[in-house]
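Asker: Checked TrEMBL, it gives:
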- B:42-61: transmembrane segment (TRANSMEM)
- B:68-86: transmembrane segment (TRANSMEM)
- B:92-113: transmembrane segment (TRANSMEM)
- B:125-146: transmembrane segment (TRANSMEM)
- B:166-186: transmembrane segment (TRANSMEM)
- B:220-239: transmembrane segment (TRANSMEM)
- B:245-262: transmembrane segment (TRANSMEM)
- B:274-294: transmembrane segment (TRANSMEM)
- B:300-322: transmembrane segment (TRANSMEM)
Amino acid sequence: MTSRAIKAALFGSAMAITGQGALAAEGNTITTVVKISGIPWFDRMETGVEAYAEQHPEMEISQVGPATADSAQQLQIVQDLIAKGTDALAIVPMDPTILEGVLRRAMDRGTIIVTHEADNQINTMVDVEAFDNSDYGTALNERLAECMGGEGKWTTFVGSLGSRTHMQWVGAGEENAKQHPGMQLVDPNNESFDDAQGTYEKAKEILRKHPDIRGFQTSAGNDVLGVGRAIEEAGLTGQVCLVGTGLPNPSAAYLDSGAITAIGFWDPQKAGMAMNEVARILLEGGEIKDGMDLGVEGYNAVSVRPGAGDGKLVVGDGMVLADKDTYQDHLF
Amino acid sequence: MRLDPNFVTLSVLVALLLAVGGWVSGGTYLSPFNLQSMAMQLPEIGFLAIGVMLAMCAGNGGIDLSGIANANMSGVASGIFTVAFFDAAQQPVVFTAVFAMGCMIVGTLGGVLNGLIISKLKVTPILCTLGTQMLFTGVAVVLSGGRSVAVGAHDPLYSIGNGTALGVPIGFLIFVGVVILLGVVLKFTRYGVRLMLTGANPKAAVFSGFPISRILTTTYAISGLLAGMAGVVIAARNVNVKWDYGTSYLLVAILIAVMAGVRPEGGYGRVVNVMLSAIVLQLLTSLLNFMGMSNFVRDLAWGLLLLCFLAVGRFAVIDRIVATLPSARSPRAPS
């Protein structure tokens with residue numbers, strides 16, 4: 001991928017070189033479109049996409065994403081890639097509903113569409129999920145309840161109210177918390193927009209508003225960092241529990257200090273590879289079957305269910321919960 | 001006749017980008033499908049940029065930051081109303097008409113609110129529209145409960161965003177129609193002339209007995225109407241409307257207006273330049289996407305482009321080039 005860095009640097013003169021890349025349309029281009037580029041979660045996914053590209057040198061595989069978290073920007077990229085004649089798109093939608101129109105047009109035109117983190121996407125061929133979302137939400141909340149001793153006020157963060165998986169996780173979490181009558185949910189579903197700074201500000205507000213809060217369950221990849229910082233700065237490390245989606249490397253310091261109780265995740269690297277593998281199978285005219293092995297860890301025996309539309313829902317087994325003692329096993 | 005430097009620069013850039021795009025992509029960039037695809041993407045941001053332009057022309061620090069929020073509010077409010085009272089499958093034409101009218105009415109009301117606050121309460125436009133931006137966003141969130149509102153993919157609404165007539169996207173045709181209409185209004189009607197004069201010198205306009213507050217209110221109302229139209233196009237294209245769509249459009253719309261040579265101090269701006277400027281940004285963005293460039297490169301390219309335009313305007317580059325051409329040289333001796 002160094003060639004891409006050079007391309008960016010030699011922006012003007014590289015135009016002719018990249019022209020050859022843009023030309024290719026022999027049924028072998030797969031482009032992964034992520035929610036936002038340049039954040040750790042999707043950087044990790046890019047390593048998977050790159051690894052997959054190395055395994056399949058005959059394919060033209062790359063990853064792009066908008067610079068700002070705005071579904072309109074992602075829509076524009078998807079639309080341009082379709083017009084360019086990309087054969088298959090592996091998309092992590094910022095907001096599945098906003099992409100319905102363009103994906104419908106894409107499939108009408110014969111573009112292969114694979115999505116991830118969007119099990120309500122109607123206009124997709126296959127949606128790949130790392131795990132069953134309610135199982136994951138339940139697991140996160142159970143870990144939180146264990147830390148809180150089943151007592152006290154707690155709240156939830158989601159990337160955005162439109163992010164369906166996040167809403168499912170906190171929804172399953174709320175269900176699970178009902179088993180612990182001592183747990184009281186306050187001000188739920190705060191929107192973080194996956195921005196650590198914004199989450200930090202919001203978490204500080206919540207800590208001020210509810211000085212007796214005991215737990216946070218967060219959803220987007222950067223939320224644990226923002227909330228963890230707020231907890232640490234408030235000197236509440238160890239008194240307030242924080243369980244949420246996060247990546248081991250960025251969270252390491254807070255896991256060590258105890259500001260983060262535990263992180264849950266699936267490996268975006270593996271998800272990126274699985275999406276590309278599904279796209280490749282579809283490009284070759286193959287079929288996605290229940291129990292099939294996608295050749296990626298956590299996706300060795302996927303369960304296939306009917307999707308929200310005419311497409312399929314592929315569910316893997318890629319959930320990981322890590323705390324202070326175990327995060328070292330998953331450093332990325 | 002003196003050439004309009006912005007018009008010339010923008011036209012040259014459009015031609016240049018098309019040529020480079022065609023060359024780099026080996027023709028795919030100039031394929032009808034891509035040209036249609038780009039033309040489909042254009043209207044929503046184009047409407048918003050014209051709204052910003054009108055507000056800027058009105059002078060006195062005029063700007064409209066509430067455009068995209070107003071567009072989303074229009075789409076959400078009209079969408080909820082229309083879906084509740086009309087069946088898109090049974091009466092698609094009525095559904096589309098009611099939805100579009102609803103969007104434009106809500107958008108205009110939002111614009112009138114801006115205009116009244118600015119002209120009657122004398123609140124600075126940037127503060128007023130920043131406030132109404134949050135208000136409109138809030139209204140859209142409350143109405144929709146934060147979820148997206150599905151207007152569905154029924155013709156003729158769907159075809160406004162996705163259909164073509166004689167190969168040209170319908171949304172783009174509507175946009176061009178609006179550009180022509182507004183261009184005529186600004187140039188030939190009393191309102192248009194007074195708007196520019198007011199922007200050029202508000203004090204003189206007051207002493208000339210111009211109905212300033214009516215001019216301002218009309219201007220922001222038109223800006224709101226355009227936002228409502230953007231709402232229609234967004235809904236038609238995406239099948240769904242949502243309160244947080246296009247948050248990045250706010251700055252892009254201002255960028256387009258400034259690149260089009262609209263004077264931020266007021267008094268000057270051409271709709272056709274705004275359209276060209278929006279086309280330039282669209283061509284550039286799509287070209288970078290075609291080349292698989294990072295979106296951060298796009299931001300960088302936009303920034304460079306803006307600086308170039310400011311330089312071209314500041315140093316009168318076009319006039320100097322023209323002056324070097326013997327045929328275009330003024331017969332008068334240089335003073």
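Backbone N, Cα and C define each Cβ position, glycine as well.
Help me picture these features in the structure, burial and contacts included.
Answerer: With a cut-off of 8 Å between Cβ atoms, the residues of this chain six or more beyond the transmembrane segment (B:42-61) that come close are 67-68, 71, 124-126, 129, 171-172, 174-175, 178-179, 182, 186, 195-196, 198-202, 215-216, 219-220, 222-224, 226-227, 229-230, 233-234, 237, 246, 249, 252-254, 256-257, 260, 262-269, 271, 274-275, 277-279, 281-282.
Here the transmembrane segment (B:92-113) has long-range neighbours at 66, 70-71, 73-75, 77-79, 81-82, 85-86, 132, 136, 151, 154-157, 160, 217, 220-232, 235, meaning same-chain residues at least 6 beyond its ends whose C-beta is under 8 angstroms from one of its own.
Same-chain residues lying 6+ beyond the ends of the transmembrane segment (B:125-146) with a Cβ under 8 Å from its Cβ atoms: 55, 58, 60-66, 69-70, 72-73, 76-77, 80, 110, 113-114, 117-118, 242-244, 250.
Listed by sequence, the residues of this chain that lie at least six past the ends of the transmembrane segment (B:245-262) yet keep a Cβ under 8 A from its Cβ atoms are 4-6, 10, 44-46, 48-49, 51-53, 56-57, 63, 65, 67-68, 71-72, 133, 234, 238, 268-270, 273-274, 276-278, 280-281, 302, 305-306, 309-310, 313.
Distant neighbours of the transmembrane segment (B:274-294): 7, 10-11, 13-14, 17-18, 20-21, 24-25, 28-29, 34, 37-38, 41-42, 45-46, 49-50, 53, 175-176, 179, 252, 255-257, 259-260, 262, 301-302, 305; these residues of the same chain sit at least 6 beyond its ends, with a Cβ under 8 Å from one of its Cβ atoms.
Beyond its flanks by at least six residues, the transmembrane segment (B:300-322) meets 2-3, 5-6, 8-9, 255, 258-259, 261, 280-281, 284, 288, 328 of its own chain at Cβ-Cβ distances under 8 Å.
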